[in-house]
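Some notes on the structure that comes next.
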Amino acid sequence: MRRKLIFCALILFGYTAPAPIQGSEESHADIENVEFNHPTILPDHPDNFRLDKLAAKKCESLYYVTKERLPPNLYAIDYSLWFKPYFPSPNVQYPAAVIQVEALVNSDRFILNAFNFKIISYRVVDIDGTEVPINSIAQDDFKQQLSLITNQNGVVAGQIYNIEIVYTGIINPYTDAGVYFTYYNDPQGVQHYMIATHMEPFSARKVFPGLDEPSYKATFTIILQYPTAHVALSNMQEGTPQDMGSNWSEMKFPTTPKMSTYLIAFAVGPFVNKQYTNQHDTLTRAWGWPGTEQYLGFAAQNSGECLYQLGEYTGIRFPLSKADQLGMPEFVAGAMENWGLIIYKYQYIAFNPTTMTTRDLEAAAKLMCHELAHQWFGDLVTTAWWDDLFLNEGFADYFSTYIQIPVYPIQAKYLDTLQVLYELQVGLNADARSDAHPLVYPDGPAFDEITYNKGASMLRMLSDTLGPLVFQQGIRNYLKKMSYSNARDIDLLSSLTEVAKANNIKDWCGNPLNVTDFMQPYLHQTNHPLIRYNNNQKTVGIATFTQEPFGSLDNSNSTPWNYTWTIPLKTSTLRDPKPHMLWLPMQQGCSNAQNINEPKKRAVQYDFTSITSATYGRIIYDDIGFDKVLKSIQQDDVADNLKLTLLADEYYYMVREKEAGRPFGYDRFLNLAKAIFNTPSFISSPSYSVFTQAHHALEEVARMYRDTMDAELISRMYKSLFQSVYNQLPWNDTSLWDTNTFSDVFLPFAVRYDIGDVQNRTMTMFANVKSACANSVNGTAWCNPYPPNLRRAIYCGAAKYAPATSDFFFQMLHFYNKEVITHPYFYQEYMALLEGMSCTQSSSTLKVLIRLYTTSTLSPYTLFGYFKYNPVASDALYNYLVANQQLVNNSLLLDPYLDSMTYNWNSYARAAQLANLMNSIDLNDQQFQIFSTYLERVNLAWQNRGTYDLQVLNWLYDNVVVIGKTPWEKALKGDIVYPQYNLNVQPNIPGSGAYQWYKNMTFSASVQITFYTTKPISVITINAHRLAFDAPGIVLFSVDDNNNETMIALDSANIRKDYDKGILTIPTANNLILYPQRYILRFEYSGFIFQNPIEGNDLNTYFGGLSHTKGWIFATDFETGPGARSLLPCWDEPSYKGQFTISVMHSTDMVALSNALETGTTIYGNGWSTTTFETTEQMSSYLIAICVGHFSNLAKVAKYGNLVRVWAWTGMEQYGELALIVAVGTIEFMTSYFGYNYPLKKLDLMALPQYTTNIGAMENWGLIIGWYRLFLLDPDYATTLEIAEVAGTAAHEVVHQWFGDTVTLDWWSDVFLNEAFAQYWFANGINYTFPEQEAYAIDYYRSYISQVALQFDCDAENAKPVISDTPPIFGTEPYYKGSALLNLLNNVLTPHVFQVGLSSYIKEFAYSNAGAQDLWHSLTVAAQQNNLTDWNGQPLDVASFMDAYTLQTSYPIITLSLNGDSIVQATQQSCMGGDDMWNIPLFTQTQQSTDFNWFVNSTGGNDGTWLRPLPSSYRVDNAGSTSFARINYDDKSWYSIQAQLLSNMNSMSAATRAMLLDDANYFYESGIWSVSKYMDLTLYLVNEDSLAPWEQATGYFTKILNRFQYQPELNYIQNYAIQITKNAVSKFQWTTNGIWANDRIVQLLVSVNNLANNRQTRQVAQTLFSSFVQNCQYSQEGTGKCSGLITSTLSGDYSPHLLDSIGAHDETGEILYNYLLDNTQEVLNAPIDFFLYIRAMFQNWSTQSQLQLARDFTTGVNYEFLNSNQKSQYRAGIQSVQSNYDWMMLNKEPLIGWIKQNFGNPTL
């Protein structure tokens, strides 16, 4: 029993260390020998006052083991009690008691409760004064009862008796309750004693005999005789004392109202007070001891205001004349609610603003309001027995925060979140534990989380269900009915039922709500519901809720309700955002009780259940519903309480699943946390409660990695979550308690994780503290210029960041020693200093701190707990223990020491380290058991990390580390050559092979790398990214000439990842030098598979195949993004070519592909197989490729013997025939044209159902991978563009097998060496394969590529040189401009020379790397061998003129202007201005010939050529678009060209005509040319019959037709387009013939004429459609073999692109706009990007009224529904309308005028 009491004690007395430091004579040099001044007042829970009361209540429950009830023989009427306490010694009191009772039955004895009394005398008289004979007395200490025995039937039923007893009792230590003593020390060290009482639940019997059960209410008159120098207090207000002489006084207090015995209280001591009178004229006083007066004002006022608000809420004013709040130095509980005299631990009453934080302030306010709520709930109305204790404690806990809201209205949000955090969440957790008990608990009292927190949560749910006003009325009725008596739960529920019916509150059946029936399962069974929100998707019907018990039912008793509940859910949805009640009833009851459904709830809409955070249960959303919740949080934000409950439900569900051994992951929680902590509301007004709730899970994640090489990710995680809120924190106190408490709790973490400017800030702040307190001899609390809320962070920062030469740590130690002496009772400051010092990173100061902690009188769990968040502390603790093994003999120290030391340990190495330590120390059994406990914990943590590490690490890599870079920085050292990789990889994707659930979407791998060093090194630098290593999984060997391997030790502790550069550095142990020779490096590791198509190792899914089920595909893409370093450690720069021998372990029902030809597959018996592949040629790592899935192929052998296969998921391979044919043809072309055979045995093309968003295909050597739409097509459905795109992609990637794979760029700035060649030569591959398509493959493609390149190369914001490190490297320039420049070279050098030069280039640099200068050199050699000269007549140096095109942005414009009337002057300038110049090769066409000339310098360099008379007929410069430039013609020269086109269009090539149209359009759109100058050119189109010109012209027609859609002059534009295209329509008709150029022209003409509303075209379309219907009405194979929309689109039924069609065909232009006005929330929350809706809505708006309409929306209420991103998108939409309007103002009049002049009025 005593051990229990000592264990439960909350304050212990310690000692003061010998030789404490005095004065300021400490010196920095003496720090090794410094000692602590040890505290004498020791808080067990310095950071959590709530735990004080909880521990005390649990202690009482343990101590009072007797539950023996009194027989129901007597009824208590009145007590008269006299006490004379003597203290401090002999610790006795001399009391007398007169108890008036009424006998209820005839009996032979009076039975009272009494314990530990010495009875002096006793006497019983009846009401008439007749003495009742007492024959004997009997005391039963076990039952704690006193019996006064009389004659048989001497006690007569109905008779009233006075029982008079004189006795002595014991004044106990405070831990034993009853009447107890305590003391305080004054500044001189003198002890001053005082006494007080604590009666709850069974200690009144230790103070006076009586009927000590709560139902025996009576009145009490108390008389106290006490030392005159002291103050006497009791329940009732004291009067004037009577002087008794000898320095004694006597106080008779007024008689109390009827009350229970456990509420009686008195106290005597040297008390002082502060007073406050509230609006009900109730006096509230806060009492302390001398010296605390200045700290009592807050308690007096706070208690007065809480008391007033409780009176207002209940409708019953506080019935006593005063309410005292007495703070004692020691108290067994946090406080006790004695009626009128509440007794507290002092720190809840004395608030010292120089040491105490806002958290301390609120905790005190909360506890006071809790105890004051008891004055109604517990004192005025008292539970009849302890089984209904929640009627006391549940109400008090509920009102402890609720009633503060009207007291502190500005803190309302904060206080409400505290209730959810500390009541609802604590209650739910307690209720799901195996030791839970029902709320109504026959074995009570249970002073625990069920009674307090679940009880309070029930009241919150009832208030939410009934409504606050109805609930309040019910509570008022209950109190009024039960005042001054005792209540049971049925009394409360009946009152609430009555008021619910009176207010027409309906239940789940639509009947009047019976609160009693509704609440029975919550009161009488343990556990709570887990509510699943299911099927929030359109394809499976309506959304449903289901329930199940959250906790395990193992060993649970059966209940009538079978662990189900009727659950009230306050829900908010898109369609019905106002919180409304839904019921999830038990599976019984009324006939219409069904699972809740809302037909309007779908995947496209958010649905928040328990929006008010009042439902007693946890809610888990299915993945789709959860994604919508995330989206809503990110877009619209949510209330703090909802954030809190979402986090809590996710976290505790994870805990539940983990404990049950079921699969779960942290990713949902972490995604939720990331969304929540980056909401605008949290950033601007952070919530302490939300942060505190999230911290549990975040700390679990942190523990996984603090002691690993990935520890940096934890700091990054905290930064990603909290950097934004940190940036907004004021670093000062505010008026908001929430912000202050958040700062108090969060900022130390900001220090520990290096967030923002915390280092500079805390160092500066502590320097200011040091300066302000330089002369202080009384510590820091009084002189620190910063509020207590910031001090833990300041001290932590000072300790962590101070350099070795700083005295900051020493100063904190000095301040601590002074603070302990100055403020023994206000410990918060010295505890802040202690915690701050624990942040030190110095091994020497850690050693000092550990030594001092081991001698401290403070709780070692608190002290060593500070070290848990300091990663370097564990090794310091270990080293200190090794050096001071005698510490194991300190039984109180060993457990917390090992707890802290091993807190973050979770590896095999750490387990071995601890086991070795155990073996090195002689341990007794107890010590061995303690060590074994922590060894087991380390092993479990290691297993836990092995289970959950990959999932968490994957999330961290996805969210706090760059996914990848394009390109990565060039960071390798150049000290490694000839790497050879032997890679084994096992992708874990669903298939026949089974694997542990936590490995899903990861891969396991090993690699052996053989390499040579070129110079002595001691650190190996290799690329690795998104890979999970443990240091023991990395092993290095040297290899001698005889292939003997010798292991080389590595410095495992210092292996480092550079996450920003994707680098792994591996140092050798003791800096051992690795001299140039052969080495082997082996890795065992794991990696991650992206679950969506992206660069790196990614996952594809599809539905189909033979079984028409979902399938999975593993694929890689390493040219961009994460790179090959995310598959294996490698030297991942293009110049580090190596050979790769790859084997893939995969599900047996799948196929594995890689770069080289497979050599065989081994099938195992467990659903797994391994496929091995030949060793590759020397290649760059980014070309590695692996695919695994259910594949089939089409195959063909090229004429040179190469096997070519097109692969797709099973059933789709049949559509790969075109790609296969083109791939084979392109191989044959490249081989024959360049004289260099394809070097591999096979080439595979893999078609994936999804591919990365940035590119369509990747040219991995031997295994091309790309999007299925670029490799597969169904000829029955495919358009010409789709056919050409498939052919083009296949050919493009095959060309890369030479340019990019065989010869590889040296660095990514030269990426055009890959992409320009592929973009250029693919056309030749198609033309070789299909010679009949030359017009499309050669003529059209060359023209198109040049036009695209010119368009983008004059974009000042995005254009960049072809050779450039400026991202993005895979932009337009290397593809289109690079290809156009190759076309220029082909024309300048001649095709033959170009061919010779490139053939030489390939042969010279095969299997190696090349740069641009290598290419120029090869071409220069070929040019000079063929005697080609430059503009100066010198041998042509290709680099000398190509550098200007590849190293400069932009291109030249040659402007022709008239010099006089007949001389044309030519000048060049950049299209973007500036001084850049080019040497421009130009082919000039005249009627007589086509000539080649160079244009150099600004005027051409040759006046004979470039200063010339006007041509007599025409002259076209840059004929055939052979150069890369534009020609700006003077008017006369231009009209001569127009005249030639009108008279003989075919005198110029189609490429020339397309170029002229493109240049003219550019100059017109740029404002350089007039409308007529451009439009006149289009007149020749009436005769045009080639694709390239028509592609250019119809693009312009489409643009102006759309621009004029809402203009009254639209019919003019339509007529123009119809007239210009009429001849072409007549020629081409609607006939396709398989010639791509012809078929594309048909498509363009039909499209333009439909847009122009051509009647003839529509009639033809109608005829064809009728034929189509007739032919297809009985089709079983779809149409291919035969020749409400807005709402549905927003619901996900149709593609978002349908909105574009709706907008384009809306004659009013306002359908989408009006829908947005009427359904704003639906549009905003639809599963499509808001930008797509805005684009569709505004796409062709151009009028003044439309511009105004667009602006009007921004001034309406609906605009405020948009988040900041959506507002930005809407404003961009307005800008597009403005641009259209501006264009119309500038161009409409001259354009319409020109059309009228040339075509007259429309005849449509």
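In case you wondered, yes, glycine gets a Cβ from its N, Cα and C as well.
Per TrEMBL, signal peptide is recorded for 1-18.
Annotation comment: TrEMBL describes 97-263 (among others) as domain 'Aminopeptidase N-like N-terminal'.
Look at TrEMBL and you will find 298-520 (among others) tagged as domain 'Peptidase M1 membrane alanine aminopeptidase'.
Same-chain residues at least 6 positions away in sequence with a Cβ under 8 Å from that of Glu393 (Zn(2+) binding site) are, in sequence order, Gly378, Phe447, Thr451, Tyr452, Gly455. The Zn(2+) binding site annotation in TrEMBL covers His370, His374, Glu393.
Among the features that TrEMBL reports, active site, proton acceptor is placed at Glu371. Its Cβ taken as reference, Glu371 (active site, proton acceptor) is surrounded by 27 other Cβ atoms within 10 Å in the chains shown.
The site 'Transition state stabilizer' annotation in TrEMBL covers Tyr452.
According to TrEMBL, the domain 'ERAP1-like C-terminal' annotation covers 614-922 (among others).
According to TrEMBL, the feature domain 'Aminopeptidase N-like N-terminal' maps to 980-1183 (among others). The predicted model assigns the domain 'Aminopeptidase N-like N-terminal' (980-1183) a mean pLDDT of 92.
Feature annotation from TrEMBL assigns domain 'Peptidase M1 membrane alanine aminopeptidase' to 1222-1445 (among others).
Residues or ranges marked as domain 'ERAP1-like C-terminal' by TrEMBL: 1518-1671 (among others).
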Query: CB neighbours of Tyr452 (site 'Transition state stabilizer') within 10 A?
result: 30
Task: Please figure out which one of 298-520, 614-922, 980-1183, 1518-1671 racks up the most CB pairs under 8 Å against the domain 'Peptidase M1 membrane alanine aminopeptidase' (1222-1445).
output: 980-1183
Task: Taking the recorded Zn(2+) site as His370, His374, Glu393, identify the other residues of that chain whose CB atom sits within 8 Å of the mean position of the site's CB atoms, giving them in sequence order.
output: Glu337, Glu371, Ala373, Phe377, Gly378, Asn392, Phe395, Ala396, Asp397, Phe399, Ser400, Tyr452
Message: If you count CB neighbours within 10 Å, which one among the binding-site residues His370, His374 has the smallest count?
response: His374
